[in-house]
Amino acid sequence: MYTFSSKLKTFSFILMIVGVLGIGYSFFTAPKDINDVEAILASQHGHHGDAHAEGAEHHDAKDAHVNTAHSEDAHAAAGHDAHDAHGADAHEAHDDEHTHHLKHVLQQLQNKPWAGVYVAALFFMLISLGALAFYAIQNAASAGWSPVLFRVMEGISAYLIPGAVIVFLLLVLGVMGSHHLFVWMDKDVVAHDHLIQGKSGYLNGPFFLIRAALFMGGWIFYRQYARKVSLAQDEASDNLNFKKSFKAAASFLVFFIVSESIMSWDWIMSVDPHWFSTLFGWYVFASFVVSAVTVIAMVTLYLKSQGYLEYVNTSHIHDLAKFMFGFSVFWTYLWFSQFMLIWYADIPEEITYFVTRIEHYNLPFFGMVVMNFVLPVLILVNTDFKRLTWIVVLAGTIILCGHYIDFFNMIMPATVGDQWFIGAGEIGSILFFMGLFIFVVFSAISKAPLLAKRNPLIEESKHFHY
Amino acid sequence: MSSHYEAPIRKPLVIGDKNFHDVTVDVAAPVEGRANKQWWIVFSIALAAFLWGVGCVAYTVGTGIGTWGSNKTVGWAWDITNFVWWVGIGHAGTLISAVLLLFRQKWRMAINRSAEAMTIFSVIQAAMFPVFHMGRPWLAYWVMPVPNQFGSLWVNFNSPLLWDVFAISTYLSVSLVFWWTGLLPDFAMLRDRAVTPFTKRVYSIVSFGWSGRAKDWQRFEEVSLVLAGLATPLVLSVHTIVSFDFATSVIPGWHTTILPPYFVAGAIFSGFAMVNTLLIIMRKVSNLEAYITIQHIELMNIIIMITGSIVGTAYITELFIAWYSGVEYEQYAFLNRATGPYWWSYLLMMTCNVVSPQVMWSKKIRTSIMASFIISIVVNIGMWFERFVIIVTSLHRDYLPSSWTMFQPTFVDAGFFIGTIGFFFVLFLLYSRSFPVIAQAEVKSIMKSSSEKYKKLRDQEGHNNHSHSDNH
């Protein structure tokens with residue numbers, strides 16, 4: 001049995017407290033009205049250098065244009081209409097547009113703390129969902145190498161319950177209008193937006209929440225059931241529970257392949273309500289499953305370093321690292337497929353998505369490809385390297401940061417636009433959810449023996465040698 | 001290599017009381033024996049179909065591709081459908097030999113040789129369609145970026161069709177090398193058993209002087225692993241690039257981002273179905289039931305079921321997103337697929353690819369040889385119609401309604417397709433009489449851990465000293 005060390009527990013609490021402070025600071029300092037925004041924009045341009053003040057103003061107007069042309073935000077689209085209508089009186093139009101721009105930036109800056117919380121909440125929840133899916137795959141495939149890691153995976157999946165509850169609350173707050181991450185929830189926007197009106201049969205508050213509740217409920221149900229039969233198998237005298245876990249895993253995977261795609265359209269793709277990509281669901285899956293395998297490897301290495309998991313040898317670590325490598329390549333494959341096809345075809349309804357990202361998120365957008373593809377591949381390609389703790393931790397850290405940025409790139413452009421930066425809110429959110437994650441996961445791991453001793457494949461796993 | 005210990009709940013992969021020598025004898029038997037009447041009957045039919053295809057191709061080359069049913073609106077129809085269908089079938093070989101090797105699936109060893117052979121034969125069929133669609137196949141080498149004196153004539157590196165040339169030729173060469181490397185020790189086995197000087201001569205040439213020394217085996221294992229590493233990305237790349245032929249365009253129904261992974265899943269789906277079709281017959285005809293067991297068929301059925309479900313999810317995703325996109329053209333393209341004049345092909349595709357594999361959830365059905373055989377054929381019919389649906393229904397409703405047409409295949413279209421099926425079976429039947437159809441050297445490596453005989457022996461041993469064997 002593992003005991004949750006007080007040191008790690010304290011560490012997790014510190015992370016949560018610091019995180020809450022960061023989040024609180026970001027909410028507190030968010031602008032309240034357009035005057036604040038004007039001050040912020042002025043100070044931003046001040047940084048560019050006073051000598052270019054005129055140029056800065058010009059830049060400002062250009063910014064508005066960029067937003068009009070490329071942002072998925074319907075407010076911007078409405079602004080474009082206004083611009084057309086007042087085309088005769090250029091000056092008036094410019095003033096209008098300026099006020100409109102300020103309002104737009106205000107909303108983006110007010111969204112920013114919410115978006116920071118949302119990205120981190122989603123990221124950690126999906127990590128535990130990914131670990132659960134990986135666990136289900138291991139069970140359904142009757143894998144012989146991994147049963148010594150089952151309790152680690154079960155522990156990580158324990159975070160699904162609090163994680164899903166938090167994400168669900170954030171979605172409810174969105175539907176109630178407390179934040180504006182999802183523009184399609186705004187009735188005024190929908191009233192002026194022909195495209196969103198066409199989707200309102202699907203994108204509407206009640207149906208959106210029903211779907212979320214159904215999916216989260218289904219995942220949590222499987223998680224609780226799988227954990228129960230897995231523990232029951234420890235004390236059983238036959239393999240009945242093992243068979244049950246096989247069947248449950250297969251059924252869950254069917255539910256998962258459907259719910260995962262829809263989840264990604266709902267909670268991520270719909271922040272850009274005009275944009276669509278059929279690959280999106282699988283792309284999101286690749287992103288969180290590689291993060292999940294990385295977390296499994298890191299938690300395993302931590303427990304191993306504390307003297308637990310005696311049967312886990314370097315071959316198990318090697319295989320986990322191989323999955324980190326393989327899923328990194330798989331993620332890149334899907335990233336490339338989606339990006340290349342849209343870039344190559346270059347049709348307006350799709351390309352705006354990447355134009356926004358390349359123009360305003362250039363560094364995170366291409367930086368994440370380096371972090372999620374180039375570095376993991378170079379670091380993990382060597383067989384011997386995959387067995388070294390520090391290498392796996394190094395590659396894992398890069399992968400986790402890279403995929404956080406991936407989720408950041410998926411949410412931020414539509415919610416905060418070009419007003420993004422990684423500040424107290426974003427880092428605070430990461431720390432808070434990391435603390436909560438550590439606390440929940442290690443509490444769960446400490447509640448059951450670390451070896452699924454009566455699993456009929458456990459001997460194979462103990463003797464696993466590659 | 002992986003552990004020799006295997007959990008008692010695992011079913012044996014080699015059944016019956018087989019020792020190492022039995023494996024040699026059983027695998028060599030079809031090569032050393034004489035062909036029976038059934039083989040000659042099937043071979044004659046295949047040869048006739050092949051010759052019919054040769055005639056149709058000759059007619060095409062002599063007269064021009066106007067002999068096909070393709071028209072101005074539907075400029076691509078059966079040729080590209082057949083091309084994609086055959087390339088797709090060719091996917092199972094590499095998946096079994098490379099991906100399942102990396103996943104250390106021991107059951108692959110009974111089926112990898114034939115799956116790889118099938119891969120190579122089907123890629124050959126696939127390659128013929130673009131070549132003869134060129135109209136002047138003797139200029140086919142122009143698709144290669146060869147230094148030339150043709151003035152401004154040079155390949156277009158921006159075109160996915162050119163990427164296809166590279167992808168498929170890479171795939172064919174790597175598959176061929178992988179296949180032949182695995183064959184070396186088995187050819188050597190046939191060489192060592194050969195009684196006539198002629199066969200001895202032939203098999204010693206094709207086995208490249210394999211000596212069976214430890215150094216040979218060490219290099220063999222190393223090169224297998226390297227080739228598996230090289231071949232794994234190819235499993236994804238080939239059909240991905242085939243999907244780019246469509247998805248890079250701006251034609252509604254073609255331009256959709258899910259196409260690459262969904263084409264790959266569909267290819268594995270149809271490839272495994274074809275492996276099942278061929279092996280269910282071969283295990284019977286060549287008396288290999290002890291090696292290609294019901295469990296092997298069941299596992300392949302499970303892969304068919306999983307990939308079928310993935311493909312089904314992709315179909316539904318495409319439909320939903322077409323509606324969700326709010327793009328009228330996109331919405332119409334999918335509505336037209338399901339309810340337009342080609343509704344019957346859409347229905348066939350849906351039934352064969354999405355519904356039929358789902359019956360595999362029943363253990364009774366997926367372990368029934370008859371049912372597996374029927375479903376494997378149904379799946380490949382469905383996969384042919386999938387390509388037909390994607391290609392023809394997306395093209396036949398042009399942007400200008402005045403250009404709307406239907407596609408009517410001619411007897412030449414049909415003859416060429418039937419000819420490739422004939423050619424494929426000619427090659428496969430010749431292969432099954434002259435090649436070791438099971439990778440016997442590899443099967444021998446799992447005898448100790450996974451054969452019924454040794455499992456029994458180990459159980460007895462285990463009962464005697466009450467401990468698990470600790471060997472690695």
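Using the three backbone atoms N, Cα and C, a Cβ is placed for every residue, glycine included.
What TrEMBL annotates here:
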- B:39-63: transmembrane segment (TRANSMEM)
- B:83-103: transmembrane segment (TRANSMEM)
- B:115-135: transmembrane segment (TRANSMEM)
- B:161-183: transmembrane segment (TRANSMEM)
- B:223-242: transmembrane segment (TRANSMEM)
- B:262-281: transmembrane segment (TRANSMEM)
- B:302-323: transmembrane segment (TRANSMEM)
- B:343-361: transmembrane segment (TRANSMEM)
- B:373-394: transmembrane segment (TRANSMEM)
- B:414-431: transmembrane segment (TRANSMEM)
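Ranked by Cβ pairs under 8 Å to the transmembrane segment (B:414-431), the stretches B:39-63, B:223-242, B:343-361 are led by B:39-63. Of the two recorded stretches, the transmembrane segment (B:161-183) does not lie close to the transmembrane segment (B:39-63), with fewer than three CB pairs under 8 Å once pairs fewer than 6 apart in sequence are set aside. Scored on C-beta pairs under 8 angstroms, the neighbour of the transmembrane segment (B:83-103) with the top count among B:39-63, B:262-281, B:343-361 is B:262-281.
The transmembrane segment (B:302-323) is not in contact with the transmembrane segment (B:115-135), judged by fewer than 3 CB-CB distances under 8 Å for residue pairs 6 or more apart in sequence. Highlighted: of the candidate stretches B:39-63, B:223-242, B:262-281, B:343-361, B:262-281 has the greatest count of Cβ pairs under 8 Å to the transmembrane segment (B:115-135).
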